[in-house]
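Engineer: For reference, the structure I am asking about is given below.
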Amino acid sequence: MAAQETQATQQSSVSNGEVSSNGAAASGQVAQTGATAQDPQQQQQQQPSAWQVIKGVLFRIFIIWAISSWFRRGPSTPDPNTPAGAPRVPSRNLFPKDTLMDLYVYISQSEIFTDFNNTEELFWYQQDLVYGEWTTGDSGDGCYEYYKELDLSESVKQNGSIYMHIYFTKSGFHPDPKRKGQYRRLSTVHATRMLNKYKRRKFLKTKNLLTGETEADPEMIKRAESHGPVEIISHWHPNLTINMVDDHTAWVKGSVPPPLDQHVKFDAVSGDYYPIVYFNDYWNLQKDYYPINDTLLNLPLRLTYCPLSLWRWQLYAAQSARSPWNFLGEDTYEQSDEDQDSVKVALLETNPYLLGLTIVVSIVHSIFEFLAFKNDIQFWNSRQSLEGLSVRSIIFGVFQSLVVLLYILDNETNFVVQVSVFIGLLIDFWKITKVMDVRLDRENRIAGIVPRLVFKDKSTYVESSTKIYDDMAFKYLSWLLYPLFGCYAVYSLLYVEHKGWYSWVLSMLYGFLLTFGFITMTPQLFINYKMKSVAHLPWRMLTYKALNTFIDDLFAFVIKMPMMYRIGCLRDDVVFFIYLYQRWIYRVDPNRVNEFGTSGVDHSKDSSAQPAAGETPAAITEKPEGEKKND
């Protein structure tokens, strides 16, 4: 179970849009046509976990819910800028239903287009489109398609931009304002879109620390030296859909809910709004983008015009909305390209019933996570005795959380993941104060200035046999862990490239904990075996975590996942089944007195019989010390 948390962190930590020194694109980088291919092992590690995909879907559902809540608001408040605070008047669509339209599509390197007489820049001209018509077109669904290859200029090869300017005009009109009698402002809808997409490619300069050699592509090293560690590269996708929303809602200026307000354009004079034009590239997978470079002679472009209903437009607008966490800084909470692709592929390829079941189960999974966290805090907060509990496992958990935090900081993971791991580390530190006596020694200061922290085992841990069994368990465990740790360190040093010695230490420790961290759960099993008791364990928390592990098992084999993640789920199951077996063979004796001096029989007597008024209750017979030891 602890190993799964580090695995999920690893999935997040590699999604930074980086390129490793061997020239392979990392999680945020798309595959290049004719360029170097990604390492298969790296591709396997980059696949996001099931819950990253599911949580991405749930986050989008939340955005959709927020938008729909805006539609359920009351009437708009009066605008103080209007005379006497009069309420704003609802507007209408400037293009009525079934309006005949002409479509003009111009391709230019200029963001502001004025050269309407240049026929070479007219990419597509489509006459007699019917606004809101769903039965015409090439396939009888209201859609029209056009394909053509664009000549690639030298400026575009050198990271220049390509813009598409589209104009919808009522039939018989022209988009050129200079054509008197053929142009009308209220009969022309204009929208501009940059066709190429700029992606950041970060070069990680790594090498073998012993030999100093690297498997990096010499071309990548040369580009890194000339452009720096971060390079902005123009990418291209050959498909784009132009949607005109079939909507005649009486929108009120200033009251359109976000993110829809970005697309509804009002005329300043009449107050009415233009038809909503939406460039739909949602189903363009990031892996299908390829870089624009000197090897390309032309760029293929397939444009599709389709009508779009209001509710589907709301869904797309919510999907493309900027994250509310952007105020924390760029890329704070933005999903990586592969995370976004995983959500889309799940929607496209997953059976609808399975997808619905996945969403429901993921909600249950989140509830179990919260309940496990709550019961874990309650257990340690109210715990009076440490008898039967492995204190060393708690201390090792702090070390493990610290390594994970330093690792994700070294790999520049996004801010939200860093905060979540840091909070987990603080909770682990808090557990230390519950299992050990922590105090400040102001007499023996460090360098005579800083008070020294003193850690001392609690008496309930030292005076019982638990400490002996705990030390014995970690002694046996060290016989296995130290050789494995040494072998893994040598392997990482010989065969894996690193940025430096500090990164090697962190990645080596992190990889070792990810692979063998589950072994640290076994000392508690040994203590249970020696004490012949499991009554001291936080069973509620363990049960919730086990249920989550079983859910992970189910979807790890249903959803495409890395094999190491599947193995991690299964090995955690093995440990928990051993816990269940111990609970079955070491049944709780109701006559056994716990650390509070009460037993199950006492509670049953208290509930069935109450002493009479003025009668002194019978004293509780103290159990022998040998019987208390197992509680």
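Cβ atoms are placed via backbone N, Cα and C, with glycine included.
According to Swiss-Prot:
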- 1-23: compositional bias 'Low complexity' (COMPBIAS)
- 1-47: region 'Disordered' (REGION)
- 1-352: topological domain 'Extracellular' (TOPO_DOM)
- 31-47: compositional bias 'Low complexity' (COMPBIAS)
- N117: N-linked glycosylation site (CARBOHYD)
- N159: N-linked glycosylation site (CARBOHYD)
- N239: N-linked glycosylation site (CARBOHYD)
- N293: N-linked glycosylation site (CARBOHYD)
- 353-373: transmembrane segment (TRANSMEM)
- 374-388: topological domain 'Cytoplasmic' (TOPO_DOM)
- 389-409: transmembrane segment (TRANSMEM)
- 410-414: topological domain 'Extracellular' (TOPO_DOM)
- N411: N-linked glycosylation site (CARBOHYD)
- 415-435: transmembrane segment (TRANSMEM)
- 436-475: topological domain 'Cytoplasmic' (TOPO_DOM)
- 476-496: transmembrane segment (TRANSMEM)
- 497-500: topological domain 'Extracellular' (TOPO_DOM)
- 501-521: transmembrane segment (TRANSMEM)
- 522-631: topological domain 'Cytoplasmic' (TOPO_DOM)
- 599-631: region 'Disordered' (REGION)
- 622-631: compositional bias 'Basic and acidic residues' (COMPBIAS)
Engineer: Please report how many Å separate the Cα atom of N159 (N-linked glycosylation site) from that of N411 (N-linked glycosylation site), as a whole number.
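Structural biologist: Their Cα atoms are separated by 28 Å.
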Engineer: Considering the glycosylation sites N239, N293, N411, which residue's Cβ sits among the greatest number of other Cβ atoms within 10 Å?
Structural biologist: N411
Engineer: Hey, of the glycosylation sites listed (N117, N159), which one tops the CB count within 10 A?
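Structural biologist: When each Cβ's neighbours within 10 Å are tallied, N159 leads.
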Engineer: Over the topological domain 'Extracellular' (1-352), what does the predicted model average in pLDDT?
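Structural biologist: When the pLDDT values over the topological domain 'Extracellular' (1-352) are averaged, the result is 76.
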Engineer: Can you tell me how far the Cα of N239 (N-linked glycosylation site) sits from the Cα of N117 (N-linked glycosylation site), in Å?
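Structural biologist: With distance taken Cα to Cα, N117 (N-linked glycosylation site) is 26 Å from N239 (N-linked glycosylation site).
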Engineer: On the three-state reduction of DSSP, what should I expect for N239 (N-linked glycosylation site)?
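Structural biologist: The residue in question, N239 (N-linked glycosylation site), is strand (DSSP, three-state).
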Engineer: Between the Cα atoms of N117 (N-linked glycosylation site) and N411 (N-linked glycosylation site), what distance do you get, rounded to the nearest Å?
Structural biologist: 52
Engineer: For the topological domain 'Cytoplasmic' (374-388), DSSP counts of helix, strand and coil?
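Structural biologist: Residue counts in helix, strand and coil order: 9 helix, 0 strand, 6 coil.
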Engineer: Which residue counts does DSSP give the topological domain 'Cytoplasmic' (436-475) for helix, strand and coil?
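Structural biologist: Per DSSP, the residues of the topological domain 'Cytoplasmic' (436-475) fall into 14 helix, 19 strand, 7 coil.
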Engineer: For N411 (N-linked glycosylation site) and N293 (N-linked glycosylation site), determine the Cα separation and express it in whole Å.
Structural biologist: 29
